[in-house]
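Q: So TrEMBL lists these for the protein:
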TRANSMEM  27-48  transmembrane segment
TRANSMEM  69-88  transmembrane segment
TRANSMEM  94-113  transmembrane segment
TRANSMEM  125-144  transmembrane segment
TRANSMEM  189-222  transmembrane segment
TRANSMEM  229-250  transmembrane segment
TRANSMEM  256-277  transmembrane segment
């Protein structure tokens, strides 16, 4: 009888081994999510992490609300790591506007989603990702030559300011003489506000990260180079993700047995991914973004 019962010591050892194994898996999956997220502007992190966190075979079996809450840890860590590495390629003003406006409209998107059928939302998610996948290559095809060959000289009406725009190794360099030329108010404030409002609503509606909207929108509506687009998108993720993480922690919906390992893994993976993005060719990064969002679109229909 006694031999059939496990001793407290053996149970304790088995429990510690299970905890270590779970932490190791969480660290590895967080690392993969952070690495990939920094290469594509934070797109698809929660889309991947939620199934991982709700499947017993992958990491651990959490409830869906817990999984959504805990995935924010990965998003926050990825955004912070990407912002640190790509600090010289971040438009902080635009990122702040996008972030705040996105938080203001996310609730409206979530309320709209509650009135729609799951089947319609799943189909819409697939169509959305596939549409996003085509934006970057189409933008490059129709406007790439115009931007790449835009080594133009512009002179102000007074003839005192000279602005030369030139491409140098994939980065946009601006050289000015005379009085400086400022961006228009609409370009500095209204465009980021509109992008943020749309990204927040779609994030709340379809449960996707804001990067899926921010990256293609910045490519279409601004003249930022692609690394600045990635850096700005990752920076815009930080405040909403950190705020959400703190809120869920206070409510007790954050799974603390896996959250620290996920955060550490995502931070290290994000640092590596952002470093690779910083040194990679812009066209390769664009191709990766389009391919990744296309995979997510197909996955949305199959899962």
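The first residue you see is number 1, and the count goes up from there.
Each Cβ is built from the backbone N, Cα and C atoms, and glycine gets one as well.
TrEMBL does not curate its annotations; it predicts them automatically.
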Q: Apart from its near flanks, which chain residues at least 6 from the ends of the transmembrane segment (125-144) lie with a Cβ under 8 angstroms of it?
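A: Distant Cβ neighbours of the transmembrane segment (125-144) are 202, 206-208, 212-213, 215-216, 219-220, 283, 286-287, 289-291, 293-294, 296-298, 300-301.
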Q: Which stretch from 27-48, 69-88, 94-113, 256-277 shares the most C-beta pairs under 8 Å with the transmembrane segment (229-250)?
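A: Between the stretches 27-48, 69-88, 94-113, 256-277, 69-88 has the largest tally.
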Q: Spell out yes or no: are there three or more C-beta pairs under 8 angstroms between the transmembrane segment (27-48) and the transmembrane segment (94-113), with each pair 6 or more apart in sequence?
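A: Between the transmembrane segment (27-48) and the transmembrane segment (94-113), contact is absent.
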